[in-house]
Every structure is written in structure tokens, then in C-alpha cells.
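Trainee: Dropping a structure here in C-alpha cells format, bear with me for questions.
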Amino acid sequence: MTKITLSPQNFRIQKQETTLLKEKSTEKNSLAKSILAVKNHFIELRSKLSERFISHKNTESSATHFHRGSASEGRAVLTNKVVKDFMLQTLNDIDIRGSASKDPAYASQTREAILSAVYSKNKDQCCNLLISKGINIAPFLQEIGEAAKNAGLPGTTKNDVFTPSGAGANPFITPLISSANSKYPRMFINQHQQASFKIYAEKIIMTEVAPLFNECAMPTPQQFQLILENIANKYIQNTP
């Protein structure tokens with residue numbers, strides 16, 4: 001029988017291969033343990049998030065107004081107050097005054113946007129009335145344009161009529177109305193309620209931004225509103 005004798009070199013190669021196999025096995029075990037640890041971590045995290053979500057939903061439910069009656073036992077009934085409280089919280093989250101205190105440019109843009117929105121609202125209302133009466137609106141536009149210019153609003157002049165560059169809807173109303181409409185859509189089906197919520201949004205926005213006008217040359221939104229109303233009344237009173 002032939003006896004096979006391994007040379008020292010072959011023995012070293014086999015030993016190295018065995019060592020490599022053991023190292024690979026150890027690496028695989030370590031990797032498996034790491035994957036398991038990560039998996040357990042995500043399971044634990046998901047569980048905690050679920051608990052927080054359930055807790056939040058319970059808190060939200062407890063804050064909802066309930067009406068109990070024979071036809072709707074235990075059914076939550078939304079009220080205007082619930083929607084308005086949500087809109088107020090949304091406005092607080094936007095934090096207009098906080099952002100303005102940190103950024104002078106933001107504060108200036110906010111003041112201009114608010115006064116431009118006041119200008120646009122009054123212009124549209126009065127122009128629609130004057131046009132319906134067949135009255136030329138050019139003199140009215142010239143006068144309120146001059147008032148807007150005197151208020152410090154930037155803009156352009158065309159055909160002797162100054163128009164604020166930021167003329168348009170109040171930019172803060174849309175986020176409030178949109179978020180409330182998304183959360184409570186059935187409360188916005190009625191047009192009367194839509195108008196009511198818009199008026200409320202304008203009111204709380206004006207209250208929020210009022211302090212931004214305390215230390216500037218611009219009139220407050222209320223003062224600018226009065227200036228434009230006086231101009232409009234002069235033309236409206238002359239309508240037949």
C-alpha cells in the first residue's frame with residue numbers, strides 16, 4: 001500500500017484554506033447577527049411609532065366635539081369651532097411673526113403682501129360695482145393707486161395708474177383654507193360656510209401680522225383699509 005506524505009508546503013496551504021473558511025464562516029455569522037439586530041431595531045421602532053400614532057389619534061378624538069342622540073349615538077359631529085381651531089393652529093405653525101423677527105426681508109415682504117391684498121380686495125369690489133353702473137373706473141383706479149404708492153408699496157405706473165407689484169389675494173389665506181379643507185372636506189361643501197371660514201382666516205391673519213407694522217412707516221392694514229374705503233365711498237355715492 002502506497003503511503004502518501006504531504007509536504008510541509010501542502011500542509012500550510014490546507015491550513016490556510018481551513019483558516020479562510022473559518023474566517024468566512026465567522027463573517028457570515030457576524031453579518032447575520034447584524035442583520036437580525038437591525039431587523040429587531042426596525043420592529044421595535046415601528047412598534048413605538050404605532051403606539052405614538054394611536055396615542056395621537058386618541059388624543060385627537062378626545063378633543064373632537066361629540067353629539068349623542070338617538071340617531072347618531074357616538075358619532076362625532078364637526079362644528080365650525082373645530083375647523084376654526086384647526087385653522088388657528090395652522091397659522092401658529094406657519095409662525096409669521098417668528099420668521100419676520102429673524103428675517104427683515106421676510107417681514108418687509110409680508111407687510112407688502114398684506115397691504116397689496118387689501119388693495120386688491122377693495123379695488124375689485126368697487127370696480128365691479130362701478131362697472132355695473134356704467135361708470136368709468138379710471139379716476140378711481142388712479143386715486144387708489146396713488147394711495148397705494150403713498151403707503152410705500154412697490155409697483156409700476158401704466159397709463160397714469162399705479163399698480164402694486166404684489167397685488168393679488170392674501171398669500172396666507174390659501175394655506176389655511178387648503179389645509180382645513182383637506183382635513184374637514186364636508187365642512188366646505190356649503191358656500192356660506194366657505195365664505196365664513198375665509199372671513200375668519202382673514203381676521204386671524206390680520207391679528208397675527210398687526211405687530212409687524214408697529215415700527216415702520218407703512219399704515220397698518222386697518223388704516224389702509226379705511227383710506228381705500230373712503231376713496232371708494234366717494235365714487236359709490238355718486239352712482240345713480
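Any Cβ shown, glycine's included, is placed from N, Cα and C.
Here the structure is a predicted model, which means the values were calculated and not measured.
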Trainee: Which is it, of 2-5, 166-169, that Swiss-Prot names as region 'Core-loop involved in conformational changes in complex with CDC42'?
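Mentor: Checking Swiss-Prot against the ranges 2-5, 166-169, the region 'Core-loop involved in conformational changes in complex with CDC42' one is 166-169.
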Trainee: Cβ under 8 Å to the region 'Core-loop involved in conformational changes in complex with CDC42' (166-169), counting only same-chain residues 6 or more beyond its ends: which ones?
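Mentor: Tertiary neighbours of the region 'Core-loop involved in conformational changes in complex with CDC42' (166-169) are 112-113, 116-117, 119-120, 123, 153-155.
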Trainee: Taking just the CA atoms, what is the gap between K198 (site 'Helps stabilization of SopE-CDC42') and T174 (site 'Helps stabilization of SopE-CDC42') in Å?
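Mentor: With the alpha carbons as reference points, the distance is 9 Å.
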Trainee: Looking only at Cβ atoms, how many others are within 10 Å of the one on K198 (site 'Helps stabilization of SopE-CDC42')?
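Mentor: That number is 14.
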